[in-house]
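Take a look at the structure below.
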């Protein structure tokens, strides 16, 4: 008799994706983040569902309903902080996952990479809309500033912004539709994740050497299930430490004041995971230019496979490219720091230099390093 997991139509899919999947024998812990992202998504959907049972998407009651969740709902505060800090863990895993892809040349699996970039956009949009829902000061002003950027689009900009707002300012209609989309998007993301995995399983996983590993594969279970559980434990412990000891560490104190359209906070800034893009946006004095730079800072990931000049796939044996990669990481950390600082000297010039360097490394320095390494190896 055939094993049910190999014959049942549904079990067969799970078996071929998580149990009998042939995986390279040498993939490191950097390959853990895919499964961690899946768990993050499940956690966000679950905590979000329970929060939505108590939340009201009306400007008069939204802030109070969040307060009610924290004070009166059984373990409501745990749900709320798991959801808020879960988003931070999601982005930490997301950025490390993308960094792994860049370092080891995983972007050469074009379909998987492109679906991943679209996923990144979808997750960022979802997180932004979620930040608006508590209807605190930073929620309101963040929504106003970021949606208002669309008015920079020539000819249709103003109409587009008013259409998104559902009126002439961020108001009740905006909050209601943001809640609707924030609830819907994670399910769309889940469907896209399946596409991401489908494309990945067409080619199989990359590995740290960047060399095809067809001749040396091992089953995913038990080897990588155990390895993923270790990563999961580390992530869950970190998340619980954050939630139970300093739940507000990554939030903004301004968001504990109810939204007031008549009072602008001194420093409007998004959550930490958007600060690098926000710094790039602010570094350009022109509105349209800033918006284009903001979009391109993420969209540039799409063209990375086209900028691959090296004859080796991975950076494991390419010291020059490694230097460029870590310079890019340092630059992104600098941009994140700048994004949280006020717009004044010397932060303005540092932000502008870091923004130029960001685009320069990706479009010029990394491809040049690849070409130079080819020459040094006489390839």
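Including glycine, each Cβ sits where the backbone N, Cα and C put it.
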* Asked: Swiss-Prot tags one of 113-133, 134-154 as transmembrane segment - which one?
  -> 113-133
* When you get a sec, could you say which of 55-76, 77-98 is annotated transmembrane segment by Swiss-Prot? => 77-98
* From the ranges 226-246, 247-267, pick the one that Swiss-Prot records as transmembrane segment. => 226-246
* Structure fact -> Nearest by Cα to residue 83 (heme b b562 binding site), of the binding-site residues 97, 196, 201, is 97
* Asked: Non-local Cβ contacts of residue 182 (heme b b562 binding site) (under 8 Å, 6 or more apart, same chain)?
  -> 48, 126, 129, 130, 133
* To do: Counting only CB pairs under 8 A, let me know which of 226-246, 288-308, 320-340, 347-367 has the most with the transmembrane segment (77-98).
  => 226-246
* Structure fact -> Here the Cα-Cα span from residue 97 (heme b b566 binding site) to residue 201 (ubiquinone binding site), rounded to a whole number of angstrom, reaches 17
* Asked: Would the transmembrane segment (178-198) count as touching the transmembrane segment (347-367), if touching means at least three Cβ pairs under 8 Å and pairs must be 6 or more apart in sequence?
  -> no
